[in-house]
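**Student:** Here's a structure for you.
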Amino acid sequence: MGCISSKNVSCLTDQGDSPLPEPGLLSTSQQHRVLIDHSLEASHNSKRSRKSRRLGGSDLRIGVSLGSSHRNIEAEQAAAGWPAWLCSAAAEAVHGWVPLKAEAFQKLEKIGQGTYSSVFRAREVETGKMVALKKVKFDNLQPESIRFMAREILILRKLNHPNIMKLEGIVTSRASSSIYLVFEYMEHDLAGLSSNPDIRFTEPQIKCYMKQLLWGLEHCHMRGVIHRDIKASNILVNNKGVLKLGDFGLANVVTPSNKNQLTSRVVTLWYRAPELLMGSTSYGVSVDLWSVGCVFAEILMGKPILKGRTEIEQLHKIYKLCGSPQDSFWKRTKLPHATSFKPQHTYEATLRERCKDLSATGVYLLETLLSMEPDKRGTASSALNSEYFLTRPYACDPSSLPKYPPNKEMDAKYRDDMRRKRANLKLRDSGVGRKHKRPHRAEYDPKNYAKLPIRKDTLEVKNIPNEASRATTTTHGNYYKVSDLPMTTGPASGFAWAVKRRKDPDNISTLTYYQPSSKSQLSGTSVAFAKNTFGLNLKPDNDSVWEVQGNNYDDVIEEVPSHESKLSRIGERHGSLDGSGLDFSQREEDSPKKTLEHLQFGKQSISGPLIFKSGKIDEILQRNESNIRQAVRKSHLQREQDDR
């Protein structure tokens with residue numbers, strides 16, 4: 001009895017903070033039992049405290065031993081050949097494995113390209129077996145990037161299913177900064193097969209592919225793995241008809257701790273679920289089911305069914321295909337900005353119209369997978385148990401599937417490029433849609449002056465002494481003769497000029513100016529050209545009125561450097577053909593008398609097409625050209641007199 005009562009008292013004191021009974025209210029025997037019980041409880045508490053101190057010390061020793069064991073594991077992995085940056089950041093990813101040597105494989109051509117990886121076909125040197133080497137892109141100096149890469153390795157090691165790509169090894173070395181993942185080589189992917197115009201799948205073949213895809217996805221979801229990048233190019237097929245799900249670079253393991261902390265920036269845009277497009281960060285396996293529905297429709301139609309260029313356009317295409325959600329959907333959704341994605345117009349679903357050749361059970365399965373509400377898409381297991389796979393014709397055996405030449409996404413892109421090139425060649429031969437070719441940019445580049453051939457119609461100025469005929473065109477500090485200049489020059493020199501033969505009797509030479517990014521062309525001998533290029537105060541004829549239109553300041557002509565535009569290089573020779581210092585509109589009698597020191601070189605403030613309202617442009621051009629010829633002739637005569 002005493003033991004029972006003592007246990008009861010002890011139990012009460014443990015359960016709550018109830019006060020002790022007062023000794024006056026109890027008998028002597030009861031008071032004695034209470035005191036004994038409390039003395040026993042105190043002794044038990046002291047024993048527990050001593051035991052906890054001993055356990056605390058043992059916990060500390062265990063922590064120290066764990067830390068030392070972790071360092072020992074890193075040392076063992078480094079001795080096995082793993083790089084130090086991988087052992088320190090993600091040792092668990094390669095625990096128990098030994099790295100493969102790069103010399104054991106002969107890398108061949110590239111067969112795939114992704115955002116975070118590149119895939120190559122390779123041959124194992126010892127056995128001659130074909131494998132696929134996936135080079136993962138990451139920064140080995142950033143631990144987070146290393147752990148992101150290692151997550152794919154951990155997930156692949158966790159999964160083991162005939163319809164999932166199996167990781168066979170890792171190629172790296174102690175001094176390497178890269179990693180290659182070794183997989184079985186698969187000859188095809190669904191993107192290449194479905195887009196091939198020579199391949200048309202039958203319904204039993206489609207069911208065979210879809211069942212294998214759902215089997216592999218069911219294995220992932222049962223282990224808490226969401227793929228998050230299911231698309232046709234990531235679904236691989238070998239010549240035996242076996243389908244395998246690959247590329248787990250964006251996959252993640254969903255746990256209660258991270259269920260509401262996922263990112264919405266996953267899945268390729270054409271296969272992305274609407275809740276991800278709306279910015280959801282709390283989702284489950286239903287995002288993979290939506291992608292499976294997109295792949296299902298792509299196999300049926302031979303092309304992606306939802307090809308949006310932006311997220312908003314992708315949502316709009318989803319509304320047009322699956323119909324706009326009901327009002328109840330917007331009320332139940334927990335997304336903060338979901339109402340901003342609500343369409344202004346109600347869309348009716350057009351999926352049945354686009355899948356007329358599909359059976360009723362197939363359309364129902366496709367509508368289920370492409371449901372706007374994630375809860376209505378079901379699971380991979382429910383899709384496998386749908387009537388589509390339980391009705392005739394049944395899925396065929398994978399070994400009975402036909403064998404095709406290698407077809408991958410890169411092959412499909414190559415076929416599309418060749419098809420476009422052939423179409424362009426046909427249009428070019430027929431003359432339809434032919435466009436005039438614009439002059440090559442190299443003609444305007446001042447660096448290519450010496451490399452370009454001289455135009456045949458360039459008029460050389462002869463019988464003029466070398467010093468008088470030298471054009472002081474300043475381009476990056478180089479000087480060129482008149483006969484060495486091409487017909488067009490770039491904007492860096494501040495002007496462009498060329499003398500051309502004209503078929504008209506007057507043989508008027510014109511100067512052509514090309515603005516950096518303007519399609520308009522303006523004669524270099526016009527008054528407006530000289531004024532806007534060199535800042536001269538020139539007055540055109542009263543009948544010739546011109547305007548400057550446009551405010552494009554991106555086409556401003558570069559200012560001629562002062563150290564390169566000194567008039568000492570020209571001297572007092574007014575016959576020099578330096579376009580940066582010659583007043584083309586000066587009168588014939590004033591030309592040999594005036595100096596060029598009063599000219600101010602500045603930057604063009606307004607760039608744009610110049611429109612002349614008068615029709616007397618030819619007279620201005622002829623007079624200016626006459627002034628140039630007279631200046632050259634008088635300079636020649638003046639030089640001859642000086643030589644005498």
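Each residue, glycine too, has its Cβ placed from N, Cα and C.
Remember, it's a predicted structure, so these values are computed and weren't measured experimentally.
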**Student:** For which of the residue intervals 356-363, 420-427, 604-611 does Swiss-Prot record motif 'Nuclear localization signal'?
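**Tutor:** From Swiss-Prot, the annotated motif 'Nuclear localization signal' range turns out to be 420-427.
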**Student:** Swiss-Prot has Ile111, Gly112, Gln113, Gly114, Thr115, Tyr116, Ser117, Ser118, Val119 binding ATP. Which one of Lys101, Lys129, Lys134 is in the same site?
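**Tutor:** Of the residues offered, the record points to Lys134.
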**Student:** Sort the residues of the motif 'Nuclear localization signal' (420-427) into helix, strand and coil with DSSP and give the three counts.
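**Tutor:** Breakdown, helix to coil: 8 helix, 0 strand, 0 coil.
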**Student:** In which DSSP state, out of helix, strand and coil, do we find Thr263 (phosphothreonine)?
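**Tutor:** Note: Thr263 (phosphothreonine) is coil by DSSP, not helix or strand.
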**Student:** For the domain 'Protein kinase' (105-389), would you mind checking the mean pLDDT of the predicted model?
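**Tutor:** When the pLDDT values over the domain 'Protein kinase' (105-389) are averaged, the result is 94.
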**Student:** If you compare CA-to-CA distances from Asp229 (active site, proton acceptor) to each of the binding-site residues Ile111, Thr115, Ser117, Val119, which comes out shortest?
**Tutor:** Thr115
**Student:** Could you work out which of the recorded positions (Gln113, Thr115, Ser117, Thr263) has its C-beta surrounded by the smallest number of other C-beta atoms within 10 A?
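**Tutor:** Looking at the recorded positions Gln113, Thr115, Ser117, Thr263, the Cβ with the fewest others within 10 Å is that of Thr115.
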**Student:** Looking only at DSSP and grouping its letters into three states, which state does Ser117 (ATP binding site) belong to?
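**Tutor:** For Ser117 (ATP binding site) - judged by DSSP and reduced to three states - the answer is strand.
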